[in-house]
Amino acid sequence: MKKIVVIPGDGIGKEVMEAAMLILEKLDLPFEYSYYDAGDEALEKYGKALPDETLEACRKSDAVLFGAAGETAADVIVRLRRELGTFANVRPAKAIEGIECLYPGLDIVVVRENTECLYMGFEFGFGDVTEAIRVITREASERIARYAFELAKREGRKKVTALHKANVMKKTCGLFRDVCREVAKDYPEIQYNDYYIDAACMYLVMDPFRFDVIVTTNMFGDIVSDLAAGLVGGLGLAPSANVGERTAIFEPVHGAAFDIAGKGIANPTAMILTACMMLRHFGYVEEAKKVEEAVEKTIKEGKKTPDLGGNLKTMEFANEVASLLD
């Protein structure tokens, strides 16, 4: 029995989580769900955006399924990533038939190192001068590179591309690039190459089909994964996972969207696909495929939420997907 902590959070997080839970409960898998608070409402209610009770439950869980948070998002999700040691942020960018996008048929994955780089928060100010310390270690670089190659191997993908800026940041990016090249030697069946981050952004816009799995450092990965999402329809359709040695956090990329919260029109696609990533994580690959195919079939038939030009409400869309799982 897998213990899943469910955190709906703020805004549309509650609505899209309800949709995803409808799908998960329909599958009737050996999961034990427990609901906890985190986010803006939790801050107002408990004085903490991430209450101690929630954090403790997350530490004991096999996975966390997270909806969305508002202004306190960084206090919740960034801290959770750190506390749970989720070193890999996995962000697929896959075009869905029936949704207009720049590159139909595109299917790539961005694997982002989640624990170091400039996002460690080592920033200092001296009058009119500020500075930040960038930390890149061999251990974290090897761990994320190996994760990217193992993901490629597991999913039958053929290529891993590392992104860096070693021509300028010779020590930090140089170490990351060199470690990726070393790890690549252990996977001769998988193609490897690397690009400077600026050139890679150009290639992503002009010819994204040259990529398959992208692995990169924390800040570059944050930026490039949003770019990749834009190629296939935007952040509203993008799922993600934060994976550690012992547990994982699964969250849609979109935020709380307070402007549409409570109207019942939020698109739950990203949240449902995020739940599918959790299913795959636990080895329920066929179940995940079944849900993904149901989502794609629903959208292809023109049954969409308003943001995609349709007229279905959040739970109406979820029910359409669920009906295909019978």
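One is the number of the first residue shown, and numbering goes on along the chain from there.
Yeah, the Cβs are placed from backbone N, Cα and C, and that goes for glycine too.
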Query = Can you pick which of ARG59, ARG112, ARG177 Swiss-Prot lists for the same substrate site as ARG81, ARG91, ASP198?
reply = ARG112
Request  = Mind telling me which of the recorded positions ARG81, ARG91, ARG112, LYS165 has the densest Cβ neighbourhood, counting other Cβ atoms within 10 Å?
outcome  = ARG112
Ask   = Per DSSP, ASN267 (NAD(+) binding site) is which: helix, strand or coil?
value = coil
Note = Cα nearest ASP226 (Mg(2+) binding site) among recorded positions (ARG81, ARG112, LYS165, ASP198) -> ARG112
Ask   = Cα distance, ARG91 (substrate binding site) to LYS165 (site 'Important for catalysis'), nearest Å?
value = 21
Cα separation, ASP222 (Mg(2+) binding site) to ARG112 (substrate binding site) (Å, whole number) = 7
